[in-house]
C-alpha cells in the first residue's frame, strides 16, 4: 500500500530534524580546527583532511535540506530547469565529495597504522602528507566530473517527458527518474569499496595491537587503553556504515523500491543519518576534538546555559 501524502510529509520533516545535529556538529569541527590553526599556525595534513571533510559534509547536509524543501514548492522548480539541475548537481557533487574525502581519511589511517613489507607502501608512508594532499585534489576533480556526467544523463531522462510532466503536474514521475545504474554505482561505490577494504585492514591491525598491549600490560605501565578503544570503535563504525551505504546505493541504482514504498524512506533515513553519526564518531576518535567538546559542555554547564 502506498504512503499517503501526510505520512510522506512527516518523513521529510523527520529527515530534517535528523540532519540538524549533523549540521551543528560539523560546524563545531570546523570552528575547533580553525581555532587550533590560528593558535599554532601549523595545520597538519590530518587537520586539513578533517576540515575539508567537515566542510563537505556540512554542504552535503545543507543541500539535502534544500532538496527536500523543493518537495513543498509544487512543480515550479521543474519549470525553471536551470534551478532544478543546479540543486541536483550540488547535491550529487557534495555526496560524491563526502564519499571520496571519507575514503581519503580511511586511507590515511590505513597507511599510518597498517605495516606492509613493501617498498611501494613504505614510500607512501614516508610521503603520506603529499599523497593525501594529491588524493584530496583528485577526489574533488573526480566528484566534479562524475557529477557533471550524472547531470548530462539526467537531462536526457528528464527531457524526454518534460512538457507532459509540467502539464500533468506529475512530480512523482520526475522524482522517479533514474540515470544509468552503472554510472551511479561507479560514482559513489568506488570510494565506498576503498573505505571498506582499508578500514577492515585497519580494524584487524588495531585489534591485534590492542591484544598485544593487553598481554604486556604488567610490563607496559602508563599506556592509555582508551586510545585504542576509541580508534577501534571509530573504525568499526566506518566499516558498518559504509558497507550499508554501498548496499543502499546498489538498491537505489537498480530501482528496486518506488518512491512511495516504505522501504525507500527507511533506506534514505539511514543515508541522512550519516552526517550526524560520522561527525560524532570523528569527534569521539580525535583527541583534540573530543577535548574541545568536553570543555564546551563543561563551560555551558558552569554558565547555566
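Cβ coordinates come from backbone N, Cα and C, glycine included.
Feature list (source: TrEMBL):
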- 12-34: transmembrane segment (TRANSMEM)
- 46-69: transmembrane segment (TRANSMEM)
- 89-111: transmembrane segment (TRANSMEM)
- 131-152: transmembrane segment (TRANSMEM)
- 183-207: transmembrane segment (TRANSMEM)
- 227-252: transmembrane segment (TRANSMEM)
- 264-286: transmembrane segment (TRANSMEM)
Chain residues in Cβ proximity to the transmembrane segment (46-69) (below 8 Å; excluding those fewer than six residues from its ends, i.e. six or more beyond): 12, 15-16, 19, 22-23, 26-27, 29-30, 33-34, 36-37, 87-88, 90-91, 94-95, 97-98, 101-102, 104-105, 108, 132-133, 136, 272, 275, 278-279, 282, 286, 289
Stretch among 12-34, 89-111, 131-152, 227-252 sharing the most Cβ pairs under 8 Å with the transmembrane segment (264-286): 12-34
Beyond the flanks of the transmembrane segment (131-152) by at least 6 residues, Cβ under 8 Å: 45, 48-49, 52, 85, 88-89, 92-93, 96-97, 100-101, 103-104, 107-108, 111, 124, 179, 183-184, 186-187, 191
Contact set, same chain, for the transmembrane segment (12-34): CB under 8 Å, 6 or more residues outside the stretch: 43, 47, 50-51, 54-55, 57-58, 61-62, 64-65, 68, 71-72, 268-269, 272-276, 278-280, 282-283, 288-289, 292-293, 296
